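Novice: Structure in structure tokens, see below.
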Amino acid sequence: MEVTSISEGIIIDHVPAGTALKVLNYLNIDPATTRLALIMNATSHQYESKDIIKIEGDVDIDLDVLGLVARQATVDVVHGGRIVEKLSPTLPEHVTNVITCVNPRCVTTIERGIKQRFHLSNSERVEYRCDYCDEEAKL
Amino acid sequence: MSLSAAQASSNSSPSKDFIGKSVVTLDDLTTEQIELLLRKAQYIDANRKLVSHTCDGRIIATLFYEPSTRTRLSFETAMLRLGGQVIGFAGAQLASVSKGESIADTLKTVENFVDVVAIRHPKEGAALVASHAVNIPVINAGDGGHMHPTQTLADLCTLQSRFGRINNLTVGLCGDLTFGRTVHSLIETLCRFGNVNFVLISPDELKTPQYVIDRINATDSCTYVEVKDLVSVIGDLDVLYMTRVQQERFFNEDDYLRLRDTYILDEDKMRLAKKDMAVLHPLPRVNEISVDVDGDPRAAYFEQVKNGMLMRMALECSVLGDELPGFDPDGIDAVNTKEVAA
């Protein structure tokens with residue numbers, strides 16, 4: 001399968017296979033209004049299979065959010081048809097208004113105007129917990 | 001009265017750093033501050049008349065959005081015994097929340113009336129929301145199944161008074177170890193002091209959550225075993241912490257009824273225990289401890305209630321920055337053992 005290269009934009013590579021749409025959702029990128037190419041379940045030497053997201057144009061993605069949902073992903077910044085920068089997301093210590101607490105007993109279910117805040121509780125297991133109720137996040 | 005963070009942090013010490021501090025979980029306190037509270041509680045108990053005007057002119061608001069007998073009375077009595085006064089409500093139906101007011105708005109209103117707030121709320125994390133909303137100290141009096149730090153302080157005080165230490169103990173925790181917030185908090189806090197062997201006694205359905213086990217594993221000097229049978233381990237324990245299977249934490253009535261009577265501590269089991277073992281329970285009990293055990297000198301659960309009040313007295317005056325007359329916060333031998341005339 002061949003997908004035309006982009007001249008300006010970013011390539012998010014090594015996205016866990018089958019999760020590209022979820023990653024776009026977390027990154028708040030609407031595939032209906034963005035010029036992009038998705039390659040899903042491509043062959044990967046490192047991970048056997050992977051997804052790739054190519055986004056054309058001036059894109060600003062939140063590397064913290066990417067680290068949250070696709071820790072192994074890499075980001076290539078393309079300028080003038082060449083990769084000019086490679087970025088790796090890191091696991092953010094804190095995440096605000098990205099995940100929603102699923103605990104029905106959590107105060108976030110009733111308190112108006114409250115931010116959904118999570119903290120990294122175990123980096124090996126990529127485990128985040130709600131700042132308010134300590135419920136583990138469901139990613 | 002609240003002090004700014006800058007004021008509170010100047011000349012940092014466990015005592016000064018307390019001033020204006022909210023206590024949502026015990027992680028908000030250093031181990032030095034917890035030890036300071038233990039010493040203050042012991043001092044207060046020995047000097048009740050002397051400390052009875054420590055908080056003159058102060059007012060605490062007890063905002064209890066769900067039923068509680070012991071905890072609310074304990075917070076209120078603590079302030080009254082320090083010379084302060086109490087306002088508040090018990091039951092959300094009496095409060096503006098019944099008109100749809102948010103926790104933050106209620107706290108911002110009450111902040112104008114009082115010096116310190118104790119809040120109990122059925123939603124987990126409510127005390128954190130409350131503490132973020134105001135500039136006066138907020139003490140978590142229980143937020144759903146999440147945290148109840150002053151209960152843990154009562155537990156620690158009871159261990160201290162029974163054994164003269166809160167480490168180098170074998171602590172058995174029995175019953176509902178999944179939803180029992182007091183159990184989680186006690187384990188996590190004891191891990192901070194180290195040298196505790198935990199014996200976790202529960203049915204499979206009510207085992208200790210992984211994040212609590214992780215906390216034990218992360219503490220080199222602490223160990224744990226998980227067992228189902230209380231009788232087989234009771235003879236090894238210095239402390240037996242019994243818990244109630246809480247109906248309000250179950251979505252399924254059948255599960256509650258099935259697990260409710262798994263462990264019942266009675267005289268027969270007590271005969272197998274050490275002579276100086278202490279039986280603790282956060283109360284209220286249902287039937288997990290037979291009333292026959294109440295007369296046993298090893299039963300420490302009503303003593304816990306008294307210790308809870310003493311620790312709340314220590315906490316309230318500490319966050320307000322009101323010094324106990326005659327108490328030396330830096331003195332190793334600050335605790336008086338005899339009542340000093342007021």
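Backbone N, Cα and C atoms are what each Cβ position is placed from, and that goes for glycine too.
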Novice: B:ARG70, B:THR71, B:HIS148, B:GLN151, B:LEU283, B:PRO284 show up in TrEMBL as binding carbamoyl phosphate; which entry in B:ARG39, B:ARG120, B:ARG192, B:ARG258 does that record put in the same site?
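Specialist: Carbamoyl phosphate site check in TrEMBL: besides B:ARG70, B:THR71, B:HIS148, B:GLN151, B:LEU283, B:PRO284, the record includes B:ARG120 out of B:ARG39, B:ARG120, B:ARG192, B:ARG258.
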Novice: Restricting to the domain 'Aspartate/ornithine carbamoyltransferase Asp/Orn-binding' (B:168-315), report the mean pLDDT as a whole number.
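Specialist: That region's mean pLDDT is 92.
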Novice: Between B:ARG244 (L-aspartate binding site) and B:PRO284 (carbamoyl phosphate binding site), what is the CA-CA distance rounded to a whole number of Å?
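Specialist: On Cα coordinates alone, these residues lie 8 Å apart.
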Novice: Excluding B:ARG70, B:THR71, B:ARG120, B:HIS148, B:GLN151, B:LEU283, B:PRO284, please set out which residues of the same chain place their CB within 8 Å of the center of the CB atoms of the carbamoyl phosphate site, keeping sequence order.
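Specialist: Neighbours within 8 Å of the Cβ centroid, excluding B:ARG70, B:THR71, B:ARG120, B:HIS148, B:GLN151, B:LEU283, B:PRO284: B:SER68, B:SER74, B:ALA141, B:GLY142, B:PRO282, B:GLY308.
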Novice: I want to check the contact list for B:THR71 (carbamoyl phosphate binding site): same chain, sequence separation of six or more, C-beta distance under 8 angstroms. What comes out?
Specialist: B:PHE64, B:ARG120, B:ALA141, B:GLY142, B:HIS148, B:THR150, B:GLN151, B:GLY308
Novice: Long-range same-chain neighbours of B:ARG181 (L-aspartate binding site), Cβ under 8 Å, sequence gap at least 6?
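Specialist: Result: B:GLY142, B:GLY145, B:HIS146, B:MET147, B:HIS148.
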Novice: In the domain 'Aspartate/ornithine carbamoyltransferase carbamoyl-P binding' (B:21-160), how many residues does DSSP assign to helix, to strand and to coil?
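Specialist: Across the domain 'Aspartate/ornithine carbamoyltransferase carbamoyl-P binding' (B:21-160), DSSP assigns the residues as follows: 66 helix, 26 strand, 48 coil.
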Novice: Record lists B:ARG70, B:THR71, B:ARG120, B:HIS148, B:GLN151, B:LEU283, B:PRO284 as binding carbamoyl phosphate; longest Cα-Cα distance in Å?
Specialist: 16
